[in-house]
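First comes the structure, then the notes that go with it.
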């Protein structure tokens, strides 16, 4: 009798280097949030964020492994290569953020007042959170586009940078809403418009790539992305000049942190975070522009 089960299963999905990395991601993710939920504990917005990162990444990783093992991804109307590459980069950024935040706020060397058992669970969770980040970073390293290789756009350096740019923009938005006083001047409102516009367009570029709809556009997608990147560099250059002037110049703001500002709720701190990540994103867009000259776009892989 002819076997009907074998051909429908893709064993390479769990035996290849990328498959093994994903299995480790699933294992480390499950272990991390289980340790925290069982005895480690979490609280406040930063603790909830960490749990969301670990559970979200675990769920999507299980979905990816299941789809590739059973070939179900061929039934989805998305560009699978772009989707997995984009998620791996996003999960890498989210997992390293959680791996830094959780031990920073919840881990301590002494047993008082939480008890030695809770402390040990939190330390163990922090270790596995770090391993989770390494597992996702390994997948990004294994699946990134090699020189001369025709691959999915999101697997290229330019595509991966799009994810990082959007992630950095989210950090900027978080600082903006944390009493940054950006509405004080029209100039700083312009900076917010720059951050918002570049974030939206970057997300749209990623969405079109992941859904595999770039070939349906009436304009050349690759040229449009390069033109947008040039515009984003110019816009971020303006924000990189305007924001520090209107926040840290003595005529408009404060060159030094005011002494009366409470820790964790000082507008000056938020303004400094925004300034730093404005320059970070400017460098990312410049690097994106440099790499975008050397890639080949593929809609479906």
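Cβ from N, Cα, C; glycine included.
Per TrEMBL, domain 'MARVEL' is recorded for 13-148 (among others).
Across the domain 'MARVEL' (153-297), DSSP helix (H, G, I), strand (E, B) and coil residues number 110 helix, 0 strand, 35 coil. Look at TrEMBL and you will find 153-297 (among others) tagged as domain 'MARVEL'.
Per TrEMBL, the feature transmembrane segment maps to 44-66 (among others).
Outside the transmembrane segment (78-101) by six or more residues, the chain places 25, 46, 49-50, 53-54, 56-57, 60-61, 64, 67, 126, 129-130, 132-133, 136-137, 139-140, 143-144, 151-155, 159-160, 163-164, 167, 206, 209-212, 299-301 with a CB less than 8 A from a CB of the stretch. If you look up TrEMBL, you'll see 78-101 (among others) marked as transmembrane segment.
Residues annotated as transmembrane segment in TrEMBL: 121-142 (among others).
The transmembrane segment feature in TrEMBL is assigned to 154-177 (among others).
Among residues of the same chain six or more beyond the transmembrane segment (192-218), those with a C-beta under 8 A of the stretch's C-beta atoms are 77-79, 82-83, 86, 152-154, 159, 162-163, 165-166, 169-170, 172-173, 176, 182, 224-225, 228, 232, 235-236, 238-239, 278, 281, 285, 297, 299-300. Residues or ranges marked as transmembrane segment in TrEMBL: 192-218 (among others).
Annotation source TrEMBL lists transmembrane segment at 225-246 (among others).
For 272-291 (among others), the entry in TrEMBL reads transmembrane segment. Beyond its flanks by at least six residues, the transmembrane segment (272-291) meets 156-158, 161-162, 164-165, 168-169, 171-172, 175-176, 180, 191, 195, 198, 226, 229-230, 232-233, 236-237, 239-240, 243-244, 247-248, 257 of its own chain at Cβ-Cβ distances under 8 Å.
For the domain 'MARVEL' (13-148), the DSSP counts in helix, strand and coil order read 113 helix, 0 strand, 23 coil. Within its own chain, the transmembrane segment (121-142) has Cβ neighbours under 8 Å at 17-18, 21-22, 24-25, 28-29, 31-32, 35-36, 38-41, 50, 54, 57, 85, 88-89, 91-92, 95-96, 98-99, 102-103, 106-107, 114, 160, counting only residues six or more beyond its boundaries.
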